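K.L.:
Take a look at the following structure, please.
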Amino acid sequence: MSSVTIAISGLIAVCTYFVTVRMIPRFKDMFIKAGLFGKDLCKRDNPQVPESLGVLIGCTFLVAMFLFIPIPYTFEESALFDIKTGAKPATFPHEKFAEMIAALLSICCMILLGFADDVLDLRWRHKLLLPTMATLPLLMVYYVNFNITTVIMPKFVRSLLGYSLDIGVFYYIYMGMLAVFCTNAINILAGINGLEVGQSIVIGASILFYNVIELAFGHQVDCHKFSIYLMLPFLAVSLALWKYNKYPSQVFVGDTYCYFAGMTFAVVGILGHFSKTLLLFFIPQILNFLYSVPQLFHFVPCPRHRLPKYDVRTELLHISTTEFHLKDLNPLGLLMVRILKNLKLISWQEQVDGRVITNNFTLINFVLVLFGPVHESVVTQFLLGFQVICTLCALIIRYPLASYFYEA
Ligand code: UD1
Ligand code: MG
């Protein structure tokens, strides 16, 4: 009966898409009136654009999911009520039910905390704390439900560590860190129209594709069904948001959306038991994070905004820059910039007074270092194309190569 459940989930997703598409334009002015707007920094005269629309589409996602809650238990035989007595059968999947509620609670908390971030414009150390707090419902339910903290070892270390290893509390730390990474990694690959939503749509579609393959040929059917139930409405609301956020943006998504998307991915990765595959779909975000490390950890000065600079005359984007004196960097910072410079991964201009000017260390700026000034929509298309190519690489790594490390 799972195909009926998936079909209903798809139907709810389609309805959610049309409702969201109609809702966004009606709420735009309300956000501006409430002072929730940002300046589009890559346009002439920096027009005001309503920001934090992520909170609206997060809510439509939650309503769609709330309406979906009874569906699996109405059609799955193991969960059917006895009509005469109204009793639940012994096979009723209480754990799965609790998991679904906990997943929605974590996503709901993340939307609330993300909106708080948009309104209060929190500092970076708080941004790391928010997803950690929002994963607590999920982790606590996982502890009560399963508390399985054993990981299967890759084949080549089994002679040393055995087939599996119980890593105890570290499993929970890993799950918390996964949520912190997924949410913030999307939030820092941002700043040009459509990129936050575009990358989330590609990642969401990749997860859905992977779930369908696993459902057809794999063993962990329940985990992948659970992921599909979340991914279909997630893609529906994201596609509706994309319609208004793509170049030229009529609305901005806000940190709320980045956190919402990241947390939804983390939840399906954790509860679907495919967190390693999930990370494979984040290759561009991992590269952007690694490239950003010198600025994120303040080895090199990090301005409030690292998005590219708009040239009013040509309407093209140029690299945005940061500057420093080499003598002001600590040895580790110096080593990092020297490696990046020697690998030609950053632009480098040494001034007569000893100041060095480089691009800000983001993937968006790196594209501009490689290709020179480019139009904003082209940079977004390029990065989304790269995200799709990375998904194909991820699937090649996941299927043929994984059999060298684990049983197929
Ligand atoms: C992150 C990045 C920051 C980047 C910002 C852009 C790090 C450490 N932080 O900060 O470098 O500048 O995202 O989102 O990498 N904006 C546009 N056009 C867009 C999207 C956003 O001009 O297409 C501008 C608007 O002014 C908007 C603001 O960016 O108001 C949103 O920034 P915010 O999400 O608050 O920045 P952070 O997530 O803190
Ligand atoms: Mg942001």
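Cβ coordinates are placed from backbone N, Cα and C, and glycine is handled just like the others.
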K.L.:
Of 336-355, 356-375, which range does TrEMBL call transmembrane segment?
P.N.:
356-375
K.L.:
With pairs restricted to those 6 or more apart in sequence, evaluate whether the transmembrane segment (226-244) and the transmembrane segment (53-73) have 3+ C-beta pairs under 8 Å.
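P.N.:
By the criterion, they touch.
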K.L.:
May I ask you to check whether the transmembrane segment (381-401) and the transmembrane segment (128-149) make contact, with contact taken as at least three Cβ pairs under 8 Å and only pairs 6 or more apart in sequence counted?
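P.N.:
Answer no: the transmembrane segment (381-401) and the transmembrane segment (128-149) share fewer than 3 Cβ pairs below 8 Å.
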K.L.:
Most CB pairs under 8 Å with the transmembrane segment (53-73): which of 97-116, 128-149, 256-274, 280-300, 356-375?
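P.N.:
Result: 97-116.
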K.L.:
Six or more residues out from either end of the transmembrane segment (128-149), which same-chain residues have a Cβ under 8 Å from its Cβ atoms?
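P.N.:
Contacts with the transmembrane segment (128-149): 95, 98-99, 101-103, 105-107, 109-110, 113-114, 116-117, 122, 166-172, 175-176, 179-180, 182-184, 259, 262-263, 266-267, 270-271.
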K.L.:
Could you pull out which residues elsewhere in the chain have a CB under 8 Å from any CB of the transmembrane segment (97-116), counting only those six or more residues past its ends?
P.N.:
52, 54-55, 58-59, 61-62, 65-66, 69, 73, 122, 130-131, 133-138, 140-142, 144-145, 179, 183, 226, 229-230, 254-260, 262-264, 267-268, 271
